[in-house]
């Protein structure tokens with residue numbers, strides 16, 4: 001089921017870099033072909049980025065929606081958020097969550113990938129099927145299912161913790177509210193996000209493992225090295241590019257988590273905000289919309305993510321040559 | 001050399017554990033959806049419904065909870081997702097052909113641009129896009145939403161399709177050209193049929209993206225009769241946070257098509273996503 005023999009991989013990037021003498025269409029051909037995509041990307045992705053950059057220096061409210069010109073306020077928006085303790089609370093939530101969730105996702109995903117790789121044909125298909133179910137679940141459904149699993153009344157987790165001996169987990173779980181304070185909220189969020197994200201890591205690691213020649217492990221075993229040693233001596237170095245890509249993608253995804261936190265905790269629960277929820281709430285959370293301030297927060301978020309992306313792009317380009 | 005018995009047993013047991021943890025939340029969603037209220041809030045929960053009922057599905061479908069029928073949300077979601085798939089698929093195929101078949105100036109720039117724009121957080125873009133659509137009076141319209149989804153699906157679509165286009169042997173096109181076929185004819189008669197599997201995989205991916213999307217739909221669409229399925233779910237959840245029967249029934253109806261689609265194309269999704277990360 002999880003046969004990862006890949007049609008894509010069979011075509012080395014070199015193919016596309018053959019000399020241009022084979023070209024037989026007019027010179028404008030490729031430009032015309034990418035033009036529609038460029039226009040769409042420009043209008044819907046690049047222009048809005050320019051706009052948040054500009055709006056982060058302006059005071060933009062409901063009036064500007066009707067076409068009134070916005071007032072330039074210089075760095076006031078940035079000064080306001082960077083000088084506000086609440087911004088730093090949301091910043092801390094964002095970073096801590098990303099660190100914990102990324103580490104847990106990579107760890108769980110890698111272990112599951114290694115496990116599936118060692119199982120027999122039928123068993124690995126069975127396990128991969130279950131893993132795919134978690135992968136395919138829409139973020140909004142996942143958030144709602146975990147809200148239900150961790151529900152105060154009738155929630156399965158509270159029932160389970162309450163049924164366990166008190167010596168193990170303490171007492172008072174029967175009506176425990178997981179969404180009252182930030183720490184339990186983020187605990188549930190982390191479990192939910194790791195559950196949704198580990199399949200991608202597992203499947204990518206598995207695809208990588210299938211490219212490692214078996215002889216390497218056999219040679220290592222003959223030399224008497226343990227499973228732990230062969231992982232760090234063979235698997236990890238060979239899959240290092242995959243781990244790099246997975247790390248960066250996970251950081252980017254987990255840094256901007258929105259839907260799950262929005263569903264679990266909501267706009268009313270300011271204590272549990274992260275950066276994206278904070279920015280969204282400044283712009284859309286009240287009748288007194290502060291789009292400029294929201295934009296400044298969005299710019300901070302974007303800059304962090306783009307910084308990580310720059311590392312990612314360098315990595316991919318290095319791997320693919322120029323293709 | 002076979003592993004010792006105890007190790008095989010341990011590995012298989014771990015496999016079963018992984019399966020259970022992965023599939024359980026979805027199983028619990030479906031199971032809850034079929035349980036009568038008494039069983040949902042029972043002090044000793046059972047894994048399966050003792051007296052399965054379709055009541056929750058009924059109240060979701062006839063609209064007695066949301067005020068608007070499920071089919072209205074479903075039709076909106078399907079229309080938005082299908083339009084996104086068709087438009088972004090076509091544009092992505094054109095661009096993918098360009099980067100896979102031609103060497104041209106700015107080609108690398110274009111590829112890097114595709115990578116970078118995929119990473120821009122959509123949470124950041126929601127403010128300017130909201131303001132633009134508001135000014136164009138397209139805020140409460142599915143057309144505006146489709147445009148935004150096309151923008152978000154396109155970069156990944158090009159990135160994924162270029163691998164599939166590059167996999168088609170050039171010699172086939174050259175043979176067709178020698179036989180006197182023009183560029184359009186080559187495109188439709190030679191390239192398109194051969195790229196079709198890749199196009200299907202990419203389409204399913206953009207379908208799922210549009211089908212699942214919550215943030216923009218929630219921000220842009222204000223009328224319930226324009227709303228898509230994730231909005232319906234949020235509406236249920238926000239209004240009656242404890243009425244888990246209908247909420248789980250609605251979640252099931254939203255989720256099962258996605259899981260079905262996903263299982264259909266998972267091989268190609270994986271190959272597309274890690275293409276480039278794995279050395280050939």
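Glycine too: its Cβ is placed from the backbone N, Cα and C atoms.
No curator has checked TrEMBL annotations; they are predicted automatically.
From a predicted model like this one, the values you see are computed outputs, not experimental measurements.
Range annotated as transmembrane segment by TrEMBL, chosen from A:67-94, A:123-150: A:123-150.
Looking at A:158-181, A:230-253, the stretch flagged in TrEMBL as transmembrane segment turns out to be A:230-253. Between the listed ranges A:186-209, A:258-281, TrEMBL ties the annotation transmembrane segment to A:186-209. Using a Cβ-Cβ cut-off under 8 Å and counting only residues 6 or more beyond its ends in the same chain, the transmembrane segment (A:95-116) has close neighbours at 2, 124, 127-128, 131, 186, 189-190, 193-194, 197-206, 208-209, 231, 235, 243, 246-247, 250-251, 254-255, 257, 274. When Cβ-Cβ distances below 8 Å are used as the criterion, the transmembrane segment (A:31-50) is approached by residues 302 of the same chain, each at least six residues removed from its ends.
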